[in-house]
Ligand SMILES: Nc1ncnc2c1ncn2[C@@H]1O[C@H](COP(=O)(O)OP(=O)(O)OP(=O)(O)O)[C@@H](O)[C@H]1O
């Protein structure tokens, strides 16, 4: 049999095995779905089994394409097949049919080279379409057996180049078939500690981050399935761009989010001026927020008077000041310390009343007993007017309320020491830079647990009430009157039955850790991965560190691409405050995206950002020179359309990205859509369209077969980090780069001027 036929036969065996395992899981799942009743534990176990088989099925469905992509032949005669999933043989004592790419036994597939073959004689890449084998690429690694050939710095060169030159689709693909050695090292690093991956554009940072998530979930499954893994990306368009990678690797338990999603209940998507976002991102905001909360703990100029028990009761400033000092001294969050404030104030007021009504007319000791005083305190506590007055001086606050009030009220802002530039409309939508502020406020305010407990008790009471109603219908008996106190409920009804009923009917939480984490501000993740990490502000880092007290993190980024004004220009400044020196820096040096011709242009821009920075080395040339075209300003729209048409013709099914200055985005977008219906423009362009026009900020992390950069000098001028923006823009291309300009070409692009 030819080796092609033999490999096809093996693939067929693998798919048959996959089908049979899938049928088994399907049968079991159906069986479970038919079961009902049982004890609460039994139901919980059933739910666990259900989700186990459902996950298995989802995984097996996900790996249908590219199930097996590699084979290793060892000098000792052994052969291993590598794939997206491990497949055991039908007989338990036989070797596995397929080894998961993440298993230690697969490692040689990514690392073995002719110089250090690690016992591997031949690495074979299998190319497939559906269940059919379409091609085989072999690398002989045993120098004595036949010589290596090809390049020493990449593994699986043919397969790699075919992946890199493939047309883009608007969605990132997994790279599991061609992970390179320097990437593999990072993907398989241990779970603990902070790993910072610094790498130039196109070095595979995003790819590495995603494959690392898949690796960690495979290797530390029990721990991470419970706690979940968070991947934080720069914006929603980017998250959509990467959204297919983990499912194609059969992993779904990861929360993909932007900073704007990190405060449950808020979807912060509003855009704002970079300068405003920068103010919000600086650590000075901490003091402003502290002051804003303290300002809510106000006292009257003199006193307030309320009606208590038919008499006027004066609440003096000094009473409130003392109560406030006691509450502040506790250093508890505002809503938690409120109980102290109220207790202290009530105590002082009760003494005031005692003075009035218990004074001995003969000048002796106060006539009120301790019990009388306690009764007075109870009455004060229950007096709605007193409650209201105290609420005004120490209200229960929510983060949204405090931040909205602060940012929309010039007096509050000034009093808190906030920059007047922050002032905005009261009904303005939340922006991503607001989220760390909301989170910080949530910490400063805390949650009044008595309130929370009361709410939980109330919910349970309602459930019992409902259960009791159901039992009542069943028994055709008594009606009940519920009081506020739970104890009273306990004595009033046969709670054992009703609460047992509630328990039995409580919904078992079937959400994954990722889903539960998304709804819980205080969720602590097992691992946090941050992409485009250079953009995060110091305030945003504080939020993230709270979500990851174990500091088990992978942070990928490029300090030369920083756009945000409070973004990082060095990694020390980010991590020093949290982990001192205990973080690990690794670098990626090879650019897989951008061909050498384009990278030569980018290198000049990089040199202008910082002469000490080295551009990553391109792994290939495209054979096409980047172009620049000077056009009259009035013809910019028409010329952009013409360039888009020309580039579209060049890239076949591939994608064309038009990157424009912020100030021109709307107008050029409008003209483009008129001429090229379906072109993606606006705040969240749909990358599945063949042509997309956006600002550089939106294009962070994305790539296109052809990129047209419009008015580069304006891109530079728009921001103090304009050169970094231009660097990002020119490095988005996988094949072709063009520049349209009506003004002079910026000096950094002089190489294009010929
Ligand atoms: N080992 C690999 N095999 C195949 N393709 C790869 C490999 N590494 C990277 N790529 C491809 O190179 C391109 C760039 O990768 P990626 O987007 O992860 O880079 P990046 O470092 O995050 O870039 P940027 O900083 O510009 O956002 C992607 O299309 C990715 O699929």
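Note: Cβ is positioned from N, Cα and C throughout, glycine not excepted.
TrEMBL annotations: computationally assigned, not manually curated.
The ATP binding site annotation in TrEMBL covers 199, 200, 201, 202, 203, 204, 205, 206. Among the features that TrEMBL reports, domain 'UvrD-like helicase ATP-binding' is placed at 178-595.
What TrEMBL annotates, mapped onto the structure for a quick look.
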residue: 199; record: ATP binding site; Cβ contacts under 8 Å, 6 or more apart: 205, 556, 558, 587, 588, 589, 616
residue: 200; record: ATP binding site; Cβ contacts under 8 Å, 6 or more apart: 558, 560, 588, 589, 591, 606, 614, 615, 616, 731
residue: 201; record: ATP binding site; Cβ contacts under 8 Å, 6 or more apart: 558, 561, 591, 593, 594, 602, 616, 727, 728, 731, 732
residue: 202; record: ATP binding site; Cβ contacts under 8 Å, 6 or more apart: 591, 592, 593, 594, 616, 703, 731
residue: 203; record: ATP binding site; Cβ contacts under 8 Å, 6 or more apart: 588, 589, 590, 591, 592, 616
residue: 204; record: ATP binding site; Cβ contacts under 8 Å, 6 or more apart: 175, 180, 183, 588, 590, 592
residue: 206; record: ATP binding site; Cβ contacts under 8 Å, 6 or more apart: 172, 242, 531, 556, 701
Cβ neighbour count (within 10 Å, all chains shown) around residue 205 (ATP binding site): 25
Confidence summary (mean pLDDT) of the domain 'UvrD-like helicase ATP-binding' (178-595): 85
Cβ-based neighbourhood (8 Å from the centroid) of the ATP site, residues 199, 200, 201, 202, 203, 204, 205, 206 excluded: 558, 588, 591, 592, 593, 616
Local backbone state of residue 202 (ATP binding site), from DSSP in three classes: coil
